[in-house]
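According to Swiss-Prot, the protein has these features:
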BINDING   308, 338, 450, 452  substrate binding site
DISULFID  327-354  disulfide bond
DISULFID  395-429  disulfide bond
SIGNAL    1-39  signal peptide
SITE      360  site 'Transition state stabilizer'
């Protein structure tokens, strides 16, 4: 115990106040210098990592945060920084999920309840995509970078889809999930990956003479066969002669995360049901007796309370999905606005010899790499839309008679960031009018597309364009929105609607004359087809000139 007469603090010698002030000033100056120099050093060292970001300062601030929190060091390379950034990002998305789930349980509005249900599904998918991207980036190869770019493009698309479906009230409520920040971080991740990829070479590997490489030799044989000749794992038949009477039952019974092809054969007939192939239903093939014999039909639509995302008659997000010899339709009609027949968010998916029928928003090519061959798609407004990396070859794209005062738009592509590896490519196809539109072409103009999002990207090449196509070719979405940032191109088309002399004069529109500029939109380039399509057995052309 201290002596009660002894002061608790020992008395020190009195210091010169001028010297003390100088020492204090030096310490403060040193601290400020270090505080200012550290971010500057981060900016200099890692500026290349953020060079393709739309907001490079935001990107650098994220890197600085990782360093400040000792997650990475100033000496860490770009791959390591990106992987740690994504680990943090996955953690943020996982934290957002229970917040959205709680909000969904509290909200009474049917449409917003549905929108939050969609957001939950999309967040779950995004966690998987980002986690898979970390593993792919760690391998440091061009092909794995291409995979990561596709998956991270899907993450950004998922977040934007969620935000698009929410009304202003729900957006305010959901602010606790920092959805806008999740979007910003997805864009930064794509920018970082793009900077690493350009150092290692272009992600789009040219592999000529092959199908998209995600198609195995066994799948190739399956796709060369008809449904009745395939030895299926499960058979669906309305008359009870199969294993199941509905497709939904057969899909539910399919194995989860299958590493081998699982085939469901659907016998001829019309099946009134809505079917979802979830992300855990991998390598699933659904095959019918032909696009005019086996039909899956539904009628969900936005007017009656569904979200666009959930209105699909058939939705598929399980990787490696194949759909063949079947018709998918939504019969809601033009008065019901958005009513999707088929939604696909399955990476490395193939739609072969199928018919997809509806009016507005017929085919939602939502995200990931997709290939459509020898198929027949009908619709009116934005009837092929979404933000997938998708190639159509030898398809019939048929515009129908729309509702009163409507205009037909073949495409509405939804790319929101220049680093997304997404776009719509239409090659060796016929774009024509249906029999009910043909007599009234002058009343209902038809355009090749309009920009749904800021960096919309669509190319039509080596295709037949019927007389239904308006001479302007393309239409605005809203005034001058996206006209400078979109990329719309036409290359070597033919037919009465193919003339380009009266086409729009937008900065983002291009009449392509150099084949090298058309190559990025081929199977080999846009969807890395050389690495996966060959094994499916579906016919395809990987380059130009059929």
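Cβ coordinates are placed from backbone N, Cα and C, and glycine is handled just like the others.
On the structure: features taken from Swiss-Prot.
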residue	record	contacts (Cβ under 8 Å, 6+ apart)
308	substrate binding site	165, 302, 338, 340, 361, 364
327	disulfide bond	288, 291, 292, 294, 295, 296, 354, 355, 356, 357
360	site 'Transition state stabilizer'	334, 336, 337, 338, 339, 379, 380, 381, 382, 383, 402
395	disulfide bond	372, 373, 374, 375, 376, 377, 426, 429, 430
450	substrate binding site	382, 409, 411, 412, 456, 474, 475, 476, 477
452	substrate binding site	382, 385, 412, 413, 414, 477
Inset, instruction - State, in Å as a whole number, the widest CA to CA span among the substrate-binding residues 308, 338, 450, 452 given in the record. - result: 18
Inset, instruction - Could you tell me which three-state DSSP class residue 327 (disulfide bond) falls into? - result: strand
Inset, instruction - Could you say which of the disulfide-bonded residues 354, 429 has its Cβ with the most other Cβ atoms inside 10 Å? - result: 354
Inset, instruction - Kindly assign residue 354 (disulfide bond) to one of the three DSSP-derived states: helix, strand or coil. - result: coil
Legend entry - Cβ neighbour count (within 10 Å, all chains shown) around residue 338 (substrate binding site): 24
